[in-house]
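Copied from TrEMBL, the annotated features are:
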- 22-242: domain 'HpcH/HpaI aldolase/citrate lyase' (DOMAIN)
- R84, E141: substrate binding site (BINDING)
- E141, D171: Mg(2+) binding site (BINDING)
Amino acid sequence: MAAAATLRQVGAYFGRSLPRRAVLTVPSSDWKKLTKLTTFTNTDCVVLDLEDGVAETAKKLARENIFRYLNESATKINREICVRINAVSSNHINDDVKLLKDLSTSIDCLFVPKVDTVDEMKWLADRLGPNRQYNLVLYCESARSLVDLRSILTTASSLFSLQGVVFGSDDFSADVGINGRYSLDAVELTYARQKLVTICRLFENAQPIDMVYINFKDLDGLKKQSEQGAAWGFTGKQVIHPQQVPIVQAAFSPSESSTTWAKELIEAYEKHEKEEGKGAFTFRGQTMVDKPLLRRARYILNMAR
């Protein structure tokens, strides 16, 4: 899609993956909200939703709006435009697949919620057919999904261009029996969030995307949780309101000091390799530099670009 051409140039620094710091979900049944997307100039990723954000009685309208929007308006949006379909296990999936196949152009990325099994990935790939290659982000939202996530991603990466995994905190909490809503610091979800990040790192382009912060008016709490997620290795976060976007994207962007550190480390590494050969060396008098740290520095510079 021409709408994301500039972003795809940026994405070349990341292999096949674009930066998705803020992932903004918009209910596709609300045409007024879709028409406002041209004003969201700084959002990395916009997801047109057919799933939880759309009432059961409005699914058909939401599909019609997506078809109209992607064919009429999406070229005005210079960012990644994605579609979240309903779960493969839902009664709506066949209509959603038909929509995808009827579109005159490929969407930038397909978001698939509530993926619990390898067979669901196989079924979806078979129904979509071989004519289009889809970029894919899937959701981990249950105990079964988390336990089998490595197998699911292995299969998904063989059938699609795997781009990331979103942690669906609310459905996951309900599935594992967390009583009531989890606390503000989400300590109850620590294991699941860290395991998801770890498994994603086994796959080159699988970006781990963190849980949504539901209270969109609590910007201080959002900032704290976003910075925590970035420190834990997440590359982005779900957002549900435009005012959350700048806070989230700032949290998942490299700071000026970390960018300077990365640039100087890479320069020192290249000088050391040229003059003394390969191997670990000391940087700034105290840091022992080896390959993993070098990869981190390169990632920071790529993200800054």
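Using the three backbone atoms N, Cα and C, a Cβ is placed for every residue, glycine included.
Around E141 (substrate binding site), taking its Cβ as the centre, 23 other Cβ atoms fall within 10 Å, counting all chains. On a Cα basis, R84 (substrate binding site) lies 16 Å away from D171 (Mg(2+) binding site). Cβ neighbour count for R84 (substrate binding site): 25 (other Cβ atoms within 10 Å of its Cβ, all protein chains included).
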